Amino acid sequence: MVTANFAAIAGLSLIAVALVAVFFSPYRRWLGFMLAGMFFWGLLEVVRFGVQVTFEMPVTYSYLTALSLAMVMVTFVLLREDKQAQKALANRQYIEHTPVYEDDQQQCSSR
(Lines of atoms letter the chains of each structure in order from A and count residues from 1; the text may use other names and numbers.)
(Lines give C-alpha, C1' and ligand atoms only; values in the text may rest on other atoms or scores of the structure.)
Protein backbone atom coordinates (compact mmCIF):
# COMPACT_ATOMS: atom_id res chain seq x y z
CA MET A 1 0.00 0.00 0.00
CA VAL A 2 1.27 3.45 -0.85
CA THR A 3 1.65 5.83 2.04
CA ALA A 4 1.56 9.58 1.62
CA ASN A 5 4.05 11.50 3.67
CA PHE A 6 4.03 15.23 4.29
CA ALA A 7 6.49 16.00 1.46
CA ALA A 8 4.37 14.16 -1.12
CA ILE A 9 1.18 15.89 0.01
CA ALA A 10 2.87 19.31 0.00
CA GLY A 11 4.40 18.72 -3.44
CA LEU A 12 1.15 17.56 -5.02
CA SER A 13 -0.79 20.43 -3.46
CA LEU A 14 1.75 22.94 -4.82
CA ILE A 15 1.41 21.40 -8.28
CA ALA A 16 -2.39 21.63 -8.04
CA VAL A 17 -2.20 25.29 -6.95
CA ALA A 18 0.16 26.07 -9.84
CA LEU A 19 -2.17 24.38 -12.36
CA VAL A 20 -5.18 26.30 -11.06
CA ALA A 21 -3.21 29.57 -11.15
CA VAL A 22 -2.13 28.96 -14.75
CA PHE A 23 -5.68 27.95 -15.74
CA PHE A 24 -7.07 31.30 -14.61
CA SER A 25 -4.21 33.35 -16.06
CA PRO A 26 -3.81 34.71 -19.60
CA TYR A 27 -1.29 31.90 -20.24
CA ARG A 28 -3.98 29.22 -20.24
CA ARG A 29 -2.87 27.90 -23.65
CA TRP A 30 0.37 26.71 -22.06
CA LEU A 31 -1.61 24.02 -20.26
CA GLY A 32 -2.42 22.50 -23.64
CA PHE A 33 1.24 22.49 -24.59
CA MET A 34 2.11 20.91 -21.25
CA LEU A 35 -0.52 18.19 -21.63
CA ALA A 36 0.59 17.50 -25.21
CA GLY A 37 4.18 17.16 -24.00
CA MET A 38 3.14 14.76 -21.25
CA PHE A 39 1.15 12.71 -23.78
CA PHE A 40 4.15 12.63 -26.15
CA TRP A 41 6.48 11.53 -23.35
CA GLY A 42 4.01 8.83 -22.30
CA LEU A 43 3.95 7.46 -25.85
CA LEU A 44 7.73 7.62 -25.92
CA GLU A 45 7.89 5.56 -22.72
CA VAL A 46 5.50 2.98 -24.19
CA VAL A 47 7.68 2.66 -27.30
CA ARG A 48 10.83 2.49 -25.16
CA PHE A 49 9.41 -0.24 -22.96
CA GLY A 50 8.18 -2.21 -25.97
CA VAL A 51 11.58 -2.00 -27.66
CA GLN A 52 13.36 -2.91 -24.43
CA VAL A 53 11.21 -5.99 -23.82
CA THR A 54 11.03 -7.13 -27.45
CA PHE A 55 14.71 -6.81 -28.35
CA GLU A 56 16.14 -7.19 -24.81
CA MET A 57 18.07 -3.94 -25.06
CA PRO A 58 19.53 -1.95 -22.21
CA VAL A 59 17.57 1.11 -21.09
CA THR A 60 19.98 3.55 -22.77
CA TYR A 61 19.72 1.94 -26.19
CA SER A 62 15.96 1.54 -25.90
CA TYR A 63 15.64 5.28 -25.15
CA LEU A 64 17.84 6.10 -28.15
CA THR A 65 15.76 3.83 -30.36
CA ALA A 66 12.48 5.32 -29.12
CA LEU A 67 13.76 8.87 -29.61
CA SER A 68 14.98 8.01 -33.11
CA LEU A 69 11.59 6.55 -34.02
CA ALA A 70 9.85 9.61 -32.59
CA MET A 71 12.04 11.99 -34.59
CA VAL A 72 11.41 10.02 -37.79
CA MET A 73 7.65 10.19 -37.18
CA VAL A 74 7.79 13.93 -36.41
CA THR A 75 9.79 14.46 -39.61
CA PHE A 76 7.17 12.59 -41.65
CA VAL A 77 4.35 14.62 -40.09
CA LEU A 78 6.15 17.89 -40.80
CA LEU A 79 6.87 16.87 -44.40
CA ARG A 80 3.20 15.99 -44.91
CA GLU A 81 2.09 19.32 -43.44
CA ASP A 82 4.55 21.18 -45.68
CA LYS A 83 3.27 19.35 -48.75
CA GLN A 84 -0.33 20.23 -47.87
CA ALA A 85 0.62 23.88 -47.29
CA GLN A 86 2.39 24.05 -50.66
CA LYS A 87 -0.62 22.48 -52.37
CA ALA A 88 -2.97 25.01 -50.73
CA LEU A 89 -0.69 27.87 -51.76
CA ALA A 90 -0.58 26.60 -55.35
CA ASN A 91 -4.38 26.36 -55.42
CA ARG A 92 -4.69 29.94 -54.14
CA GLN A 93 -2.23 31.24 -56.71
CA TYR A 94 -3.83 29.37 -59.61
CA ILE A 95 -5.70 31.77 -61.86
CA GLU A 96 -7.92 30.37 -64.53
CA HIS A 97 -7.37 32.23 -67.78
CA THR A 98 -10.65 32.80 -69.55
CA PRO A 99 -10.98 35.10 -72.52
CA VAL A 100 -12.10 38.61 -71.70
CA TYR A 101 -14.22 40.30 -74.35
CA GLU A 102 -14.73 43.97 -74.70
CA ASP A 103 -18.18 45.29 -75.56
CA ASP A 104 -17.21 45.98 -79.18
CA GLN A 105 -15.98 42.47 -79.76
CA GLN A 106 -19.12 40.91 -78.30
CA GLN A 107 -21.34 43.00 -80.57
CA CYS A 108 -19.32 42.07 -83.65
CA SER A 109 -19.36 38.38 -82.90
CA SER A 110 -23.13 38.29 -82.36
CA ARG A 111 -23.99 39.79 -85.80
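Each Cβ is built from the backbone N, Cα and C atoms, and glycine gets one as well.
Checked against Swiss-Prot, the domain name for Thr3 differs from that for Gln84, so they face opposite sides of the membrane. If you look at the topological domain 'Periplasmic' (52-58), the same-chain residues 6 or more away from its ends with a CB under 8 A from one of its CBs are 65.
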